[in-house]
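Enquirer: First the structure, then my questions, so here it is.
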Amino acid sequence: MRSCLWRCRHLSQGVQWSLLLAVLVFFLFALPSFIKEPQTKPSRHQRTENIKERSLQSLAKPKSQAPTRARRTTIYAEPVPENNALNTQTQPKAHTTGDRGKEANQAPPEEQDKVPHTAQRAAWKSPEKEKTMVNTLSPRGQDAGMASGRTEAQSWKSQDTKTTQGNGGQTRKLTASRTVSEKHQGKAATTAKTLIPKSQHRMLAPTGAVSTRTRQKGVTTAVIPPKEKKPQATPPPAPFQSPTTQRNQRLKAANFKSEPRWDFEEKYSFEIGGLQTTCPDSVKIKASKSLWLQKLFLPNLTLFLDSRHFNQSEWDRLEHFAPPFGFMELNYSLVQKVVTRFPPVPQQQLLLASLPAGSLRCITCAVVGNGGILNNSHMGQEIDSHDYVFRLSGALIKGYEQDVGTRTSFYGFTAFSLTQSLLILGNRGFKNVPLGKDVRYLHFLEGTRDYEWLEALLMNQTVMSKNLFWFRHRPQEAFREALHMDRYLLLHPDFLRYMKNRFLRSKTLDGAHWRIYRPTTGALLLLTALQLCDQVSAYGFITEGHERFSDHYYDTSWKRLIFYINHDFKLEREVWKRLHDEGIIRLYQRPGPGTAKAKN
């Protein structure tokens, strides 16, 4: 190297400058091949590929962050009245992310088209700069931290709700909202749905669609305070669906070993400013004075389900309860299609509304069951002497007028009980429901087949449901084509759950057969009469000594009453006796040791 430098010194100055210039030119052309500037402006194709790759990574990430608990449970509730004294331990097991993570699946119909676009735009922009929000799990949650992707929240504590509660008429605020991140970074945000823990005492409005930073009509957004870190879980994300699409993941009865008891179990829908009785001897007055009944009886419940009482928040709340006490496992689009066809009931207290203003008259009602105790009872004239007469299911009158009377004001039924009665008793004269311009129909909605029956009724089509395979007729035939919708009433699931929780909570609900239990149709009808009437007399219901009588008053031969597991006849017998002893109802009880013989 030194020899080369020594030789270069002997060259002329012009040659040396020429060599130096050549070396510089060489380096100028060779340098870019060694140092390449990173490409900061990718092509459209490269950008798309990068976004897809990052999206897949963000979707896979929550799975690794999910808690390792054996069972992950959540609770979601819309604003409803607060819990009362009958609330028991909470033991829900599953509320899957697919169910509550799909805001679009439960968005109002008019916003269905907007939801996928909004959500897609939020998920595809600058995923590396997303700031996600977290939701709370149960008190046994995992370590606090931030989780990416769509998350869903739960809170075992009951939230504040600004509605009327139970007997106390207290007001509280239970809130559920769908939230967005507090700041948009890179114009991106992920959405989440959360139940605010009781400790935060926030008043957030529920929304019906996916929330974004831009305020939309009818949509309220809120931010989870960043200072409070709560235990969290990151459930796997779910695709957007519309409310009319059946969801893959949802609350299922099979996931519960006994009836789930939610912290909003005792929150019901109430009628504010309803009519009040002026009868001094009314059931409602007696109930308020009874040490036993004053803790159970709620006089201002919403009794009927109609288009005014069906919305997204009600669906979300009632989906936690199995039919007939809620909407669990039902088809949203079917229920919506049916219920929204029923006009609002002007007054829940139908019978009080029929009285002149200021009237002190007491409304008397007879509720006629189908028990064999009425055979040869000669109670027909007494039954007809009441202001209103309630009947149910196979209300066979022809040939039994002396025992059961002839008048009908209310007819209660389920799709199953009505179609079975038409099938079994059709050849004995029960070819249609009781008819008359003043007859009102009370439909107790047991489950899917009842909504399928109603759909066929409203469309005037033949019932094709496999759940009613024995009835291939148009439901309107049972009403002789003279049905008026203002006289066809659907009983509200809240009202039926109130009956079950406060009067007829069977031990069956605490076991494996909880799903099939419900009070008898007669029991539901009798407790409905307690809400509508001032004075109630019950005929044909189970009493002590029921073994002496046939199953039904219209049986042509003696049949033993069978205690099926889906009903609790012993419990009902005890409740009717207690109501009778308290002077709330007058229960017809047949004296004497003899067995009543069936008519031929």
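Including glycine, each Cβ sits where the backbone N, Cα and C put it.
Found this in Swiss-Prot, in case it helps:
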- 1-14: topological domain 'Cytoplasmic' (TOPO_DOM)
- 84-94: compositional bias 'Polar residues' (COMPBIAS)
- 151-179: compositional bias 'Polar residues' (COMPBIAS)
- 209-219: compositional bias 'Polar residues' (COMPBIAS)
- C279-C362: disulfide bond (DISULFID)
- N300: N-linked glycosylation site (CARBOHYD)
- N311: N-linked glycosylation site (CARBOHYD)
- N331: N-linked glycosylation site (CARBOHYD)
- C365-C533: disulfide bond (DISULFID)
- N375: N-linked glycosylation site (CARBOHYD)
- N460: N-linked glycosylation site (CARBOHYD)
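Provide an account of the burial state, proximal residues and distances for the features listed.
Expert: C279 (disulfide bond) falls outside any helix or strand according to DSSP and counts as coil. With a cut-off of 8 Å between CB atoms and residues at least 6 apart in sequence, the same chain places I285, L360, R361, C362, I363, D534, Q535 near C279 (disulfide bond), listed in sequence order.
Cβ neighbours within 10 Å of N311 (N-linked glycosylation site), excluding its own Cβ and spanning all shown chains: 14.
Within 10 Å of the Cβ of N331 (N-linked glycosylation site) there are 16 other Cβ atoms, across all protein chains.
Long-range neighbours of C533 (disulfide bond) (same chain, six or more residues apart, CB within less than 8 Å of its CB): V283, L351, I363, T364, C365, D387, Y388.
Cβ neighbour count for N375 (N-linked glycosylation site) (all protein chains, 10 Å cutoff from its Cβ): 22.
Neighbours of N460 (N-linked glycosylation site), defined as other CB atoms within 10 A of its CB across all chains, total 12.
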Enquirer: If you count other Cβ atoms within 10 Å of each one's Cβ, which of the disulfide-bonded residues C362, C365 has the most?
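Expert: Result of the Cβ crowding comparison: C365.
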Enquirer: Sorry to bug you, but what's the C-alpha spacing from N375 (N-linked glycosylation site) to N331 (N-linked glycosylation site), rounded to the closest Å?
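Expert: Cα of N331 (N-linked glycosylation site) to Cα of N375 (N-linked glycosylation site) measures 42 Å after rounding.
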Enquirer: Could you state the whole-number distance in Å separating the C-alpha atoms of N375 (N-linked glycosylation site) and N311 (N-linked glycosylation site)?
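Expert: So the Cα of N311 (N-linked glycosylation site) lies 46 Å away from that of N375 (N-linked glycosylation site).
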Enquirer: Please report the distance from the Cα of N300 (N-linked glycosylation site) to the Cα of N460 (N-linked glycosylation site), rounded to the nearest angstrom.
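Expert: Taking the Cα atoms only, N300 (N-linked glycosylation site) lies 34 Å from N460 (N-linked glycosylation site).
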Enquirer: For N300 (N-linked glycosylation site), what is the tally of other C-beta atoms lying within 10 angstroms of its C-beta?
Expert: 19
Enquirer: Would you kindly give the Cα-Cα distance separating N311 (N-linked glycosylation site) and N460 (N-linked glycosylation site), rounded to the nearest Å?
Expert: 25
